[in-house]
Every structure is written in C-alpha cells, then in structure tokens.
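The next block holds one structure in the form of structure tokens; read it before the comments.
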Amino acid sequence: MQATSSLHNLLLLFLLAGLDPSKTQISPKEGWQVYSSAQDPDGRCICTVVAPEQNLCSRDAKSRQLRQLLEKVQNMSQSIEVLNLRTQRDFQYVLKMETQMKGLKAKFRQIEDDRKTLMTKHFQELKEKMDELLPLIPVLEQYKTDAKLITQFKEEIRNLSAVLTGIQEEIGAYDYEELHQRVLSLESRLRDCMKKLTCGKLMKITGPITVKTSGTRFGAWMTDPLASEKNNRVWYMDSYTNNKVVREYKSIADFISGAESRTYSLPFKWAGTNHVVYNGSLYFNKYQSNIIIKYSFDLGRVLAQRSLEYAGFHNVYPYTWGGFSDIDLMADEIGLWAVYATNQNAGNIVISQLNQDTLEVTQSWSTGYPKRSAGESFMICGTLYVTNSHLTGAKVYYSYSTKTSTYEYTDIPFHNQYFHISMLDYNARDRALYAWNNGHQVLFNVTLFHIIKTEDDT
C-alpha cells in the first residue's frame, strides 16, 4: 500500500513538474528506475518501475526531499480543490447576477419605451377628472345660497327655543297663541323644504344590481311608487306582444324566489314593454292601437281607456330596438306621463301629462329629438331623460324640462351589463331605475342634485 501510494505521488510530481516519466532515468542506487509508461483506455498513466534497495530509501537524503515535495504537492492539491469549489460557487453567483442584470436592463428599456405613453394616459385621465368636476362648480355656488337658508332656519329654531325656555321660567310673558302660530309656520316651511328635496337634477347613474334572471329578452317589471312603505308588491310582464298575463309577487324576496301571490289575465294584449303601475292601477298600451288602458288590480277590471291622439303605434315610431315601443307610459314625483311621437311633430318626441283617472292629456310639450333615435327614456321631476342607444355604450344623451320648456345635451353614462335594454323606468319612491336587460331584471341607483329655493326665488 505504501509503495502504491508513493508511486502515485511520484507520478503526480512528474506531471506537475512537466517531466515525461518514460524519458526520466534514475539510477537504482539513487531511487526508482522507470522502464516505460503508457496510458490505459480510461486515460490513466501506467508505469513499469524498479524499486531501489530497501536500505537505501531510509537513509537517502533525496528520499527525504522527495517526501517533503510530496507533502507540498498534497497541500497544493487540497488548496486547488478548495479554490475550485469556491470558483464554481462564484461562477454560479455570477451567472445569477448576469440573469438579473439582463432582466433589469429589459425593464429599464420597457420603462423608457412606455414613458411617453404613460404620460399621455395620465394626462388624459386628469383631463377626464377635471371634466367631471366642472359641473360641480354651479352646484357649489348653489349650495352657498342653500346654506344661508338653512342658517336662517337654525336661527329661528334657536330663537324659539329661547322663547320656550323663557316661558318655563316666567309664564305669561308671551302670548301662547302667537308662539304656537310661529311654531306651526316654521314646521310648515320645513315640510315644504323637505318636499322640494324630493326633486332634483340627474347627475349620476350607478349599478346595476342584478335582482333576477328570468323570462325572454324583452319584458317589464315594476313596483308602485305611490304604495305605502309596507306595500312592496312586484308586477312582472314578460315579452312585448302576444301576452296579457301579469304576475304579482308580495315582495322583492318573493319575486326572487319565484313565489307568485296572484296572476291577472288582462282583457287585452299589451304592446311594447313601457307599462307603469301607479296608485294601484296598471297603465298600458293596447296592442295594435294608440289606446291607453287603466286596469285596477284591486277591482280586477278596466277603469278607463282613451286614444292618445295622433300618437304613432305598432312600430311606426318605436325606440331604437323596436318591439312596439311607440308609446311609453311613465310616472315621477309630479304625476303620470306619456312619451310618444306624431307625424305632426315630424316623428320627434312628444311629452304629455295625463290625468290619472280619465287619461285625458292635460298638457303637452313637443321636443326636437327623433323618437327612433332614442334607446329608452324616463321622467324625473318633470324632466325627460333620453338615452342614445339600447346597446353597449349607452348613456343619457338628452334631457327636456317641462318646467322651463328647454332642452340640453347631457353625458351621463351607465353600465349596460347585459348589452340590450328593452325597458328603463324611474321609481320615485325607491329613487331607482328599473330595467329589463336582456332577460335580466336589474336596478340602477340615481344621484340627484337638489336645489332648495327660497320664497324670493319662486
């Protein structure tokens, strides 16, 4: 074993020294004699040697030098091995860092490429935000006026409170009847103020909230805006033609679960989807006519019917989606309305206020907006709001005030989630828009801007 190990170390020493073992001659008296060397198929070195006399190895000074050299070679081999491991580790680290540097370089290049695009996008977003804020300027100005009125009310209440406190301390100091009348007057003014708060200008539409998915692509569903708080009945009318069955549900929860409370078979088929329930009665357009029907749910019979003079019907002047939507019946805080078009008004929208009992037209307004270009429409506080489409991208595009007989173009977007709206009606009690959206019954919330007017403004 010692001879083999020594032989191995000797060969290693030869190789490190750059010597060819086959050409090195060493006298037997001095050390090892090498006769030949070769390589096996695996590349290992094979040598034929003659060992020196045993007694010479232990005493030979060169043997000691050889052993010292062998020890140094072993130490160097270990150092080289450690250095190799460290080099491999550092090389892997360098490769990893190179990958990270390439990734950072790519990111910096992307940031540089996108810088102009991002700046343009952010500028556009800021511009849109500013455009949204512009309508609020007159709103803030009006609130300054409203704040003065509210401050007046607060001051009067404070004065009356002081008077009442004084009465408790000194009965008879003021006339009771006079004080009572002042309290009643203030209460009346406060009630009038609250009534004015129910009306306002449409500022925003949010949602929708999907209540249920049922029926065909076209239909109508509604609640009564004049019903009491405990009365939450829902009425459901599927399709826009060839139907006269109305389904009733006691509440929204029953409507969602499908628990019908009653069904009504109307004496006539209806046309379109623009019906309305108002004060316990259903108002609808009789099929293939311009006749309006008032049907009482409680009595189960027709209470009134009347022809809407000159109104187009049976897809003569429908909304953009068709569906016999020529005559749109609706209600708001002011009362009952009919929206339609006539030849006399060149196919443009006509707004008529109706007597809810007799169905007589009490007043009409002719607009310049083509009925066939309107997606849907609804009334809020005597103002008609018209959408420009029934499809994706629809928005409230036009409004007409019956109070001032003026119109304006608006830009109030809303989310047409299911891509096709065939019914859109405002409910004043719920302060919401009821919609039939491609077989989905949905609700939109509305935001109104309220203006409190003083007696001097009226």
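From the backbone N, Cα and C atoms, a Cβ is placed for every residue, glycine too.
These numbers come from a predicted model, not from an experiment.
What TrEMBL says about this protein:
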- 1-24: signal peptide (SIGNAL)
- 59-121: coiled coil (COILED)
- 150-196: coiled coil (COILED)
- 198-450: domain 'Olfactomedin-like' (DOMAIN)
- C199-C381: disulfide bond (DISULFID)
Cβ neighbour count within 10 Å of C381 (disulfide bond): 19
Stretch-averaged pLDDT - the coiled coil (150-196): 63
Cβ contacts of C199 (disulfide bond) (under 8 Å, same chain, 6 or more positions away): E333, I380, C381, G382, L448, H450
